[in-house]
Amino acid sequence: MLGFLKEPVVVTAKINVSLVALTVMGLMSRLWRLCYPRAVVFDEVYYGQFVSLYMKRIFFVDDSGPPFGHMLLALGGYLGGFDGNFLWNRIGAEYSINVPVWTLRLLPALAGALCVPLAYQILAELHFSHCAALGAALLILLENSLITQSRFMLLESILIFFILLAVLSYLKFYNLQKHSSFSGSWWFWLLLTGVACSCAVGVKYMGLFTYMLLLATAGLHFWHMIGDQNLSNVCSTCLFCCFPCLGDVELSLFFQVSLLCHFLARALALIIIPMGLYLSFFYVHLALLYRSGPHDQIMTSAFQASLEGGLARITQGQPLEVAYGSQITLRNVLGKPMQCWLHSHTNTYPIRYENGRGSSHQQQVTCYPFKDVNNWWIVKDPGMQQLVVSNPPRPVRHGHIVQLVHGITTRYLNTHDVAAPLSPHSQEVSCYIDYNISMPAQNLWRVEIVNRESDTDVWKTILSEVRFVHVNTSAVLKLSGASLPEWGYRQLEVVGEKLSKGYHQSMLWNVEEHRYGKSQEQKEREVELHSPTQMDISKNLSFMAKFTELQWKILTLKNEDTEHKYSSSALDWITMDTNIAYWLHPTSGAQIHLLGNVATWASANAAALLYLCLSLWYLLRRRRRIYDIPEDAWQLWMAAGGICGGGWAVNYLPFFLMEKTLFLYHYLPAVTFQILLIPVVLQHLSDHLCRSVLLKSMFSALVVAWFSWVYFVYCTFSPLTYGQPALAPAELRALRWKDTWNILIRKQ
């Protein structure tokens, strides 16, 4: 039984020494003196705030993208024992002793370092030579902009890592397709492609561009598979050898089933699993951030009430069902230009506005952005006089007619055919004052629950989104968003929208604070309106409801884009006519800039242009049935262009359509793909255009000289990449190779 112990157990492994060496060099270039400078560098002031909020479990919304990248940065803080106590308010501020700078910057640095071996493997999987793959990795290694971006608590290096990992995984999967379909390694690389794509999108929505490229590539490959006669013949031959009695119909049916399995495998790995993983990012995000904070004010009342503290402390224990006699506050669902509540006060509209138009001189109704006792309203049954909840309570349902009585002034919410103060095409909304003139009260409102499940749904606290439709005029109570003049205390205008098509959020309201009224006397009721609620009702939202709301806020919530000192246009990136000063030492001339390797960027532009020209030339010649290169070389050329050139295009061209503040670092994913195109073009020129030994030798010498130039530029600008050593003013002026570069020079 123990005979196997008589022989030694031998394990053999193939180790690519070049790949190991590249990985080590990548780690050295990105991790060297990672704690320097021990100060806030550029956008660390932005991402650091979110890390602190994660450490304190406080909810936040970042309109720049999904939460996965932020969670990875927070993981670095967690591993370093960060407690979240640091004031991220100024670039250049010195980190306090409790901030684990090394671990906060570790994950971006590791991601940037691993991009070097990934570049090598991508070129190898595209079937280019070892020299071409080595050249691609060295170019990524010596790219100053990628080094700078990966050495700080920023997201671009993590994004690029997942993008390159997705590309490499798909190429490995595709190369296994012909010989090892549905094998363990085939499944591994296919699944890893979907996971990496989901992670890229989860870091920044820019990852969606590469994800779409890979989906299109997978679709194109599957389309070719359908018409691949060789694959059909292989399947038929294998089956015929195993089951010689099968006929043509059975063989054809098997081939169709095989294609269906291929399609389902790709759909599972590239669509379903990435979607599930994307949802999981938000699940973890929401599970971690369960405490109320300043950002939750833009969320709905239901979302706020699900968080610990904040609104939850106020709304905990409120009655769930709104009944006749309920005392309520009504929050506008839109939340723009700011959250606000339906409000009234004793002041009236001016008899005449500044433009000469007249008003009803009724009591003002506005939307007030602060909690106030004048935000309380009482839901009244038009057929009864009482303003208290009966026993048992009579709930208000969808379609019921109600009157809304202002709690403090006891006047009824009213609208009529009088133009609103700032929106003359809409009706004025007021609280009715009887001036004993020919203007009767019109204060009946129909409750329409927009998110109802049936027409008999009960109006619910926090959960129901309702429209108030005026019975007499069919106008809908709406927040116009305009700010009233001084006579309206700069509060927001509320109008009756006469032409109300659809359910715009400005027309929707939800009950935020709610109690069952018990006091019929006005003085007692005023005391009651100031007191907290006491009853226990849970209003927990499901994960999908919270995810849907948060995702919508991320996509639609946009901060005002202001011109930044270092913002740029997409056209500036190609020629690197711009830079970004990331950090400046407070006393010396030491500084860090986001600047690319000029030699590499110029070569990448030349390679892209040459690739385009050669491709057009080959296509024209092939149209005339003139084949300048072998078919396998043509397929290799096109495949490399689809991945490298396509990767550059999809990560660059969309920025021309974006209306947002742009920075040079937005170009880094695109330029990474463009850099990979350089060795592709160089090998193609060497293999197919340099036909003699002399030409090949001369071309190799030029490549060595060119690469020496790349290394020289890297060394020249490394003081601005690593921030050391500090340079004298004359040395800094010498590095201003372009007049548009903003190199910081202190006055002597």
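A Cβ is built for glycine as well, from the same backbone N, Cα and C atoms used for every other residue.
So that you can see what the record holds, here are the features copied from TrEMBL:
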type: DOMAIN; residues: 319-382; note: domain 'MIR'
type: DOMAIN; residues: 393-450; note: domain 'MIR'
type: DOMAIN; residues: 454-514; note: domain 'MIR'
type: TRANSMEM; residues: 12-32; note: transmembrane segment
type: TRANSMEM; residues: 68-88; note: transmembrane segment
type: TRANSMEM; residues: 100-120; note: transmembrane segment
type: TRANSMEM; residues: 126-142; note: transmembrane segment
type: TRANSMEM; residues: 154-174; note: transmembrane segment
type: TRANSMEM; residues: 186-203; note: transmembrane segment
type: TRANSMEM; residues: 267-290; note: transmembrane segment
type: TRANSMEM; residues: 598-620; note: transmembrane segment
type: TRANSMEM; residues: 632-650; note: transmembrane segment
type: TRANSMEM; residues: 662-682; note: transmembrane segment
type: TRANSMEM; residues: 694-714; note: transmembrane segment
Considering the transmembrane segment (68-88), which listed stretch of 12-32, 267-290, 598-620 counts the most C-beta pairs under 8 Å: 267-290
For the domain 'MIR' (393-450), residues assigned helix / strand / coil by DSSP: 0 helix, 26 strand, 32 coil
Cβ contacts the transmembrane segment (694-714)/the transmembrane segment (126-142), at least three under 8 Å, sequence gap 6 or more: yes
Closest-packing stretch to the transmembrane segment (154-174), where packing means Cβ pairs under 8 Å, from 12-32, 100-120, 126-142, 632-650, 662-682: 100-120
Positions whose Cβ lies under 8 angstroms from the transmembrane segment (100-120), at least six residues beyond its ends: 18-19, 22-23, 25-27, 29-31, 34-35, 38, 48, 51, 72-73, 75-77, 79-82, 133-134, 136-137, 139-141, 146-147, 149-155, 157-158, 160-162, 164-165, 168, 672, 675-676
DSSP residue counts for the domain 'MIR' (454-514), split into helix, strand and coil: 6 helix, 27 strand, 28 coil
Integer mean pLDDT for the domain 'MIR' (454-514): 89
Secondary structure composition of the domain 'MIR' (319-382) [DSSP: H/G/I, E/B, coil]: 3 helix, 30 strand, 31 coil
